[in-house]
Amino acid sequence: MDYLGIDMSCAIGSLRNGDFPEKDCLLPLISKLLGYCLVAASITVKLPQIMKIVQHKSVRGLSVVAFELEVVGYTISLAYCLHKGLPFSAFGEMAFLLIQALILVACIYYYSQPVPVTTWIRPLLYCAVAPTVLAGQINPTLFEALYASQHAIFLFARLPQIWKNFKNKSTGELSFLTFFMNFAGSIVRVFTSLQEKAPISILTGFALGVVTNGSILTQILLYSKPAAAKEKKAN
């Protein structure tokens, strides 16, 4: 008995017999359900960050390079899934995250006026290359290499922001809710990857996500306290 690719027969059979499903039956089911929950949650994961920027009309403390690299990483991941003909449940999360990441970068550019001419080279280059990558019209070997590099891209997408936070002793307009959801999502992906026996490279990527998102989340908690104290003192 399958629902959305989830085999429910094992769990339903156990419950009909008045028994609680065994671990080997329950864990894969939980893994699949969590995977679909992540796809649903990805629709809103970056909205708190976008809303915070628009509300405050400020991008103080945000590293534009970090968010640009996120766009590149999501584009490569989505293109690879489309190229392999995977079902929407496998790449839907990346599609929603890419759309939100593009809106987020656009907001950063808008509230960073005037944007240097050299900065515009990066989005123009992306617009020129992204359609070709998403259409899968590149050398297969290069495609595999790009996909293999995505974990490094996501790692380097976080490092500039972590360093900027440390240097400024402030997280500026970073959204706690967005990075909390990123952190929680990475933990869930580690669990689902272990259950589905994903390749070690994929598991490593999600583990790095736990570390980097956890680092930024910790910085938000640490550096927001002095800022709140200063604001209270000023009042």
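Using the three backbone atoms N, Cα and C, a Cβ is placed for every residue, glycine included.
Here's what Swiss-Prot has on this protein:
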DOMAIN    27-93  domain 'PQ-loop 1'
DOMAIN    150-205  domain 'PQ-loop 2'
TRANSMEM  25-45  transmembrane segment
TRANSMEM  62-82  transmembrane segment
TRANSMEM  88-108  transmembrane segment
TRANSMEM  123-143  transmembrane segment
TRANSMEM  174-194  transmembrane segment
TRANSMEM  202-222  transmembrane segment
Practice task
Determine which residues of the chain contact the transmembrane segment (174-194) at the Cβ level, with the cut-off under 8 Å and only residues 6 or more beyond its ends counted.
Solution key: 31-32, 34-35, 37-38, 41-42, 45-49, 51-52, 61-62, 161, 165, 202-203, 206-207, 209-210, 213-214, 216-217, 220-221, 224
Handout entry: Contact ranking winner - 25-45, 62-82, 88-108, 202-222 against the transmembrane segment (123-143), Cβ under 8 Å
Key = 62-82
Problem - Non-local residues, at least 6 beyond the ends, that sit with Cβ under 8 Å of the transmembrane segment (202-222) - result: 150-151, 154-155, 158-159, 161-162, 165-166, 171, 174, 176, 179-180, 182-183, 185-187, 189-190, 193-194
Exercise for the section: May I have the DSSP-based helix, strand and coil counts for the residues of the domain 'PQ-loop 2' (150-205)? Expected result: 45 helix, 0 strand, 11 coil
Problem - DSSP residue counts for the domain 'PQ-loop 1' (27-93), split into helix, strand and coil - result: 51 helix, 0 strand, 16 coil
